[in-house]
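> So TrEMBL has the following annotated:
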| type | residues | note |
| --- | --- | --- |
| BINDING | 35-42, 152-155, V181, 189-192 | ATP binding site |
| ACT_SITE | H42 | active site, proton donor |
| BINDING | Q66, Q158 | (R)-pantoate binding site |
| BINDING | Q66 | beta-alanine binding site |
Amino acid sequence: MSVAPPPIIRSVAELRALTATWHRAGERIGLVPTMGALHAGHLSLVAAAKAAADRVVVTIFVNPRQFNDPEDYARYPRTEASDAEKLAPFGVDAVYVPAPDQVYPDGFATTVSVAGVTEGLCGASRPGHFDGVATVVAKLFLQSGADIAFFGEKDYQQLQLVKRLARDLDIPIEVAGHPTVREADGLALSSRNAQLSTSARQMAPALYAALVGAAGRIRAGDAVPGVLDDTARRITAAGYQRVEYLELRSAQGLHPMIRLDQPARLLVAAWLDGVRLIDNIAVGP
Ligand SMILES: Nc1ncnc2c1ncn2[C@@H]1O[C@H](COP(=O)(O)OP(=O)(O)OP(=O)(O)O)[C@@H](O)[C@H]1O
Ligand SMILES: CC(C)(CO)[C@@H](O)C(=O)[O-]
Ligand code: BAL
């Protein structure tokens, strides 16, 4: 039996009216911010939100301010109707697809910028990206008034940024991280995977396999710099053109680490077939 897609809301006034009604009824509201082109990774966040909250709002907004490359913005998939259909079986209460002026009205002049966790990694190669993410996420939190929001660990640096942002700005929302959903061969789901050629798609799982191998060696006590060198070589030997970064950072705060003395995260960005893929793995002490 087919289920009707959830209602689509396009204005902040409608969103506020809805969430105010739910809050008056004592209901807890879960938020899942996305840029659409939904896949099983997004849907796992939706399922987690459904389990944790009485009402769930999914947002779909391709945020121009977080694209440092205008071509990447123009190319980004926009698939609203099929996204709404995918959400139907999850009992989502509303999909917020704001018109651009609902997020950035004429004269908009504010940027939210989070220091520390945004330094290096993706922050180094995507200038302005994290300011764009912080600004839009702050707006989505304040517009919705949600009680809990879900973000994937696939974008681990983004997750740390959002946690810091909510804490620093006293936004009364719980930020929940959710494990990365992977294909059977280990590749992290991402809307960018669709841009890979068939042969590149076959090579792609080597990235996660290399992270798993590196995490095992670091845990076993091998020296971190040597493991990172070997792992970067392993990734390029598998067919990736370039490793943009491969770093061990502290799991909280993302401080650079050269030995495993606290919970850590090994994070990577690498280019395959002209597509930039990111991934990361937990490395316990
Ligand atoms: N494989 C995944 N597992 C869990 N969460 C994911 C996964 N992929 C994306 N997410 C999460 O979904 C939310 C929306 O991400 P987004 O719409 O950017 O999807 P995406 O597939 O990462 O797209 P892209 O990387 O191409 O920009 C983010 O919180 C992101 O971390
Ligand atoms: C959090 C987010 C929806 C903000 O635009 C985006 O960066 C994403 O999809 O991860
Ligand atoms: N998943 C993070 C959004 C972006 O790559 O712009």
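Cβ from N, Cα, C; glycine included.
From a predicted model like this one, the values you see are computed outputs, not experimental measurements.
Let's see these features in context: how buried, what's close, how far.
In the three-state DSSP reading, E153 (ATP binding site) counts as helix. With a cut-off of 8 Å between CB atoms and residues at least 6 apart in sequence, the same chain places L159, G177, H178, P179, T180, N280 near E153 (ATP binding site), listed in sequence order.
Close to H42 (active site, proton donor) in the fold, though at least 6 residues off in sequence, lie V32, T34, V58, G152, each with a CB less than 8 Å from its CB. DSSP assigns H42 (active site, proton donor) to a helical segment in the three-state reduction.
Counting only same-chain residues at least 6 apart in sequence, those with a Cβ under 8 Å from the Cβ of Q158 ((R)-pantoate binding site) are C122, F130, V133, F151.
When secondary structure is read from DSSP and collapsed to three states, Q66 ((R)-pantoate binding site) falls in the helix class.
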> Any same-chain residues 6+ apart from L38 (ATP binding site) with CB under 8 Å of its CB? Would you list them in sequence order, or say none?
T79, S82, D83, K86, L87
> Can you check which residue among the binding-site residues Q66, S191 has the largest number of Cβ atoms within 10 Å of its own?
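Buried the deepest by this measure is Q66.
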> Counting only residues 6+ apart in the same chain, whose Cβ is under 8 Å from the Cβ of V181 (ATP binding site)?
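Correct list: A40, G41, S44, G152, K154, A188, L189.
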> Please report the distance from the Cα of S191 (ATP binding site) to the Cα of Q66 ((R)-pantoate binding site), rounded to the nearest angstrom.
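With distance taken Cα to Cα, Q66 ((R)-pantoate binding site) is 16 Å from S191 (ATP binding site).
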> I'd like to know which of the recorded positions listed (L38, H42, Q66) lie near ligand 1, counting only a CB under 6 Å away.
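Near ligand 1, sequence order: H42.
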